[in-house]
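Colleague: For Ser58, Val59, Gly60, Gly61, Asn62, Gly63, Lys64, Thr65, the entry in Swiss-Prot reads ATP binding site.
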Amino acid sequence: MSKIEQSWYQPVSLITILLLPLAALFWLISTLRKWLYTCGILTQFSSKTPVIVVGNISVGGNGKTPFVLWLHAHLTQQGLSVGIISRGYGGHAKQYPLLVDHNSTTLEAGDEPILLYHRLQCPIAVGPNRQQNIELLEQTSAIDVIISDDGMQHYKMARSIECCIVDSARQFGNGLLMPAGPLRETKKRLKSVDLVIENGGNNPQRYNLQPAALKSVLNNSTLTEPILTAHAVSAIGNPLRFEQSLQAQGITLVSTHHYRDHYAYTADDFTQFGDENVLMTEKDAVKCSAFAKQNWYYLPVDAQPTDSVINKLNSLLKDKGILNGL
């Protein structure tokens, strides 16, 4: 995490003050852009397939991916065929849009789409143009609904339902817009969101993250023997939650190593650990499997929404005509 990013979650500093003019400019541009779409001066793209956006108003580490995994399972259980679109941060394919398959790599598609594909084996289209992503899914798959992994601020794309994920621990940091703070939009934006969900905490409208058994980065086999000590490595927005989950399992962390979100690992990053145990997140694991050692493991986590979230979501699905009979 850079010094600027650290300042977002600390008392106002000189760095924050110096960045306020840029934050004001960011607000002006983003507000104008949203207004142009709201007034119809710029045209939205409306797909024939309903779109559910899972996003946030702040950058990094809010925990969208576990909720996307749960949402896919929930919709599938209702008999719907689900596709996913993603920007594919960290990926650099030769051509977009890209339809993810078993040959796709994190270098092409980004870490989160590869994680989602490994877990779900569902149609996933990746690329910077969300309209093209949607059209590719509609042309290649028989789908009933599309989940947009991120995209709340992509006002060119019409959507049926918006779900905003909020980190209960970090909330909105200093409450300022980028780059003076972590916000992509002001907190007033939450008033227009269909479903605001906290990741953790005590809010009735939340989900908790449930860690599963550690798995091998090399072959995805489940670890049966307990690990007592390990090095923790992560390239995610909020590594503290991950490290606390490991410690809660009784694992002593010999060292912790943080890289920027979506960092592309190489084998050289791990030479310092020799043959000692290394633990990482599932998002990190999909980038390290090609050069992993036997004693590298990742921690899968699953979202467990409250009844309040599930009931509100089901009502929205029914009201929007996505699903009948709930």
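Glycine is no exception: its Cβ is also placed from the backbone N, Cα and C atoms.
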Colleague: Cβ-Cβ under 8 Å from Val59 (ATP binding site), same chain, 6 or more residues apart: which ones?
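Modeller: In sequence order, Met178, Pro182, Arg184, Gly237 meet the Cβ cut-off.
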Colleague: Far apart in sequence but close in space: which same-chain residues, 6 or more away, have a Cβ under 8 Å from Gly60 (ATP binding site)?
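Modeller: In sequence order, Glu5, Pro182, Gly237, Asn238, Asp261 meet the Cβ cut-off.
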Colleague: Neighbour count, 10 Å Cβ-Cβ cut-off, for Asn62 (ATP binding site): what number do you get?
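Modeller: Result for Asn62 (ATP binding site): 25 other Cβ atoms within 10 Å.
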